[in-house]
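Copied over from TrEMBL:
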ACT_SITE  C79  active site, nucleophile
ACT_SITE  H167  active site
ACT_SITE  E169  active site
DOMAIN    194-384  domain 'GMPS ATP-PPase'
BINDING   S221, G222, G223, V224, D225, S226, S227  ATP binding site
Amino acid sequence: MSEMILILDFGSQYTQLIARRVRELNVYCEIHPYNHIPEFTDNVKGVILSGSPCSVRDADAPAVDLKELTDRLPVLGVCYGAQLIAHLNGGEVLPSQIREYGRAKLSKVDTHNELMKEMSLNSQVWMSHADTIAALPQDFEVIASTPTVDIVAFKVMGKETYGIQFHPEVTHSIEGKTVLRNFVVHICQCSQDWTPDIFVETTIAALKEKLGNDKVVLGLSGGVDSSVAATLIHRAIGKNLHCIFVDNGLLRKNEFEDVLNSYKGMGLNVKGVDAREQFYQALAGQTDPEKKRKAIGKVFIDVFDAEAHSIENVSWLGQGTIYPDVIESVSVKGPSATIKSHHNVGGLPDYMKLKVVEPLNTLFKDEVRLVGKTLGIDDTILGRHPFPGPGLAIRILGEINEERVKILQEVDYIFIQSLKASGWYDKVWQAGAILLPVQSVGVMGDERTYEGVVSLRAVSSVDGMTADWSHLPYELLGDISNEIINKVKGVNRVVYDISTKPPATIEWE
Ligand SMILES: Nc1ncnc2c1ncn2[C@@H]1O[C@H](COP(=O)(O)OP(=O)(O)OP(=O)(O)O)[C@@H](O)[C@H]1O
Ligand SMILES: O=c1[nH]c(=O)c2[nH+]cn([C@@H]3O[C@H](COP(=O)(O)O)[C@@H](O)[C@H]3O)c2[nH]1
Ligand SMILES: NC(=O)CC[C@H](N)C(=O)O
Ligand SMILES: [Mg+2]
C-alpha cells in the first residue's frame, strides 16, 4: 500500500483541488467526508482538513475528534479547517469586519517554521473567508500574516498541527504548492514515489490476485476511461478479459472500424457488435430529448446483456469509473445522501449479477491519461475529445434516421478533420456538429435550394461543468463552412454556436 495523505472534506468547493495538488507532488491521497473517516492504517502519513461553506460558530458546525487526529499524525487545517483547530482548542473565531475574498500578500512570514520554509515575503495568496481567527489559544504561534489579517497561519507548539487561512490549492496562491510540499514532504515525510509506473505495477498485481482465473466482460466505448481500464485488466488476466464494442449507429464516421482496429492492434480480445438496426428502430418517431436518451439506454442494456450472456462463466463486469465519479457519489451531506447508483453502461440492471471491478476509481482524468501513456496506449485514443454515450443522437434535433445520421457524420467529419489539420483539435476541449430541425432557403448555381442547417460547436473547458465557446479563427470557420456546403448534400447553411455554459449546455439536447 502506498503512503497516503488523508483529506477530510467539510464541503469546500476546492477539496478536489487539494487532492490534485498533493498528487502532483507524487504523493497518493484520498478524500473522505469528515463524518466517514476510514480506519487508520500505517500508510496514512498525515491529515488535511478542507475548507467549508459552514462557520465554526454555527450550532451544527461539522467537526471531528481533533485530539484523536493530532495526537496521532501531522494535521494541516485549510481555511475552515484552520478555524476549526483554533475554535476546538479554545481560540476565538469571529465574523470578520470585511469579507476577505481574493488576492492578499503575506506581510510577515516565519520561514524558520517548517510549513513556511522557502515562502517569500509579499507572496500572493488567495483568501475566501467571512470568518476570521481573532485570538489563538496560549500554546499556538502565528507563523504568517497579511496587512489586514494577523493570524493567517499558525502552528501548535510542540505538535505537528498547523492551520492556514488562505487556500494553497488554488493557483492564485502563487507559492501554495510550496506550503503543501512543506507539509506533505517535510512534515509528514512522504517519499514522493507515487508515479504512473508504480500505479500500473501495483494495480496489475492487485488485479491478478483479485481476479485469479475469473472472466471479466467490459464495454469499450472508444473513450479514454474504458480503454485504459481494459488495458490494465488485460495485462493482468489476458484472454479472460472479453470486451464488447457496440455500434449503435450513432458513432462518428468510420469510428466503429477505426476504433475496433486500434483495439485489435493492442492485443485486446474485442467483439464488435452491429446493433444499428435495433437502435434506429427504437428511435423511430422519437423527437423528445429525454425519450431518445431513455430509448438508447434501454437498447444498450439489452444488447450488452445478450452479449455478456454469450460468454460462458463470466463473473465480473469491468468499468472505467474514475475518481470524480466516486467523489460525486460520496458527499459530506451524511450517510443518507452517500451512494448514487452508477450509471455507467446506462445503469446495468441488478439481474446481471456481476461483481464490479473498477481499476481507475482512484484516479483523476489527467492521471488516467498518464497511466494510459505508461501503458503505451496510442495518443489518438488518449487525446480524444469526450463523446457522449448517446452519441450523435443528442446532436440531431428532431427525428433520427439513417439518412440524417449520415448527413451529420459527413459534416462532423469535415469539421473534426479541419480542426486536426489546423492544429485546433488539441486546443479545444470538445467539438462537434449539430443538425437542426429546420430548413432554409439558399441559392446554388442559380437554383433555389431548401435544405438543412447545421451548427458547429467547439468549447474550451476543464471538466465540462462550465465552458466557453472557442474563438476559432474566422478564416478557418469560413473554410469549414465552404467545404461542408460544397460536399454535404442536404446542407446549405452553417452557423457557429457562441453560447457559454451556463446558461447553455455543451450538447443541444
Ligand atoms: N459503444 C459502446 N460499446 C460498448 N460499451 C460502451 C459504448 N459506449 C459506452 N460504453 C460503456 O459505457 C461506459 C460509459 O460511457 P460514457 O461514454 O458515458 O463514459 P465515459 O466516462 O466517457 O467513459 P469512456 O471514456 O470510456 O467513454 C463506458 O465506460 C463503456 O464501458
Ligand atoms: O457519456 C455521456 N452521456 C450523456 O448522456 C451525456 N450528455 C452530455 N454528455 C457530455 O457531458 C459534457 C457536458 O455536457 P452538457 O453541457 O451538454 O451537459 C459534454 O462533454 C457532453 O458531451 C454526456 N456524456
Ligand atoms: N473557505 C472556507 O473554508 C470558509 C470558511 C468559513 N465558511 C468562512 O467563511 O470563513
Ligand atoms: Mg465516453
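Numbers run from 1 along the shown chain.
Placed from the backbone N, Cα and C atoms, the Cβ positions cover glycine too.
S221, G223 are the recorded positions among E169, S221, G223, D225, S227 whose C-beta comes within less than 6 Å of an atom of ligand 4, given in sequence order. Taking the Cα of G223 (ATP binding site) as the reference point, the closest of the active-site residues C79, H167, E169 is E169. A Cβ within 8 Å of the Cβ centre of S221, G222, G223, V224, D225, S226, S227, the residues given for ATP, is found for these other residues of the same chain: L220, V228, G320, I381, R384. Listed in sequence order, L218, G219, L220, Q319, G320 are the same-chain residues at least 6 apart in sequence whose CB falls under 8 Å from the CB of S226 (ATP binding site). Rounded to a whole number, the C-alpha distance linking C79 (active site, nucleophile) with G222 (ATP binding site) is 41 angstrom. In the shown protein chains, 19 other C-beta atoms lie within 10 A of the C-beta of G222 (ATP binding site).
Between the CA atoms of S227 (ATP binding site) and E169 (active site) there is a gap of 30 Å, rounded to the nearest whole number. Around H167 (active site), a 10 Å sphere centred on its CB holds 23 further CB atoms from the protein chains shown. Classification of S227 (ATP binding site) by DSSP places it within a helix. With a cut-off of 6 Å between Cβ and the nearest atom of ligand 1, the recorded positions C79, H167, G222, G223, V224 reduce to G223, V224.
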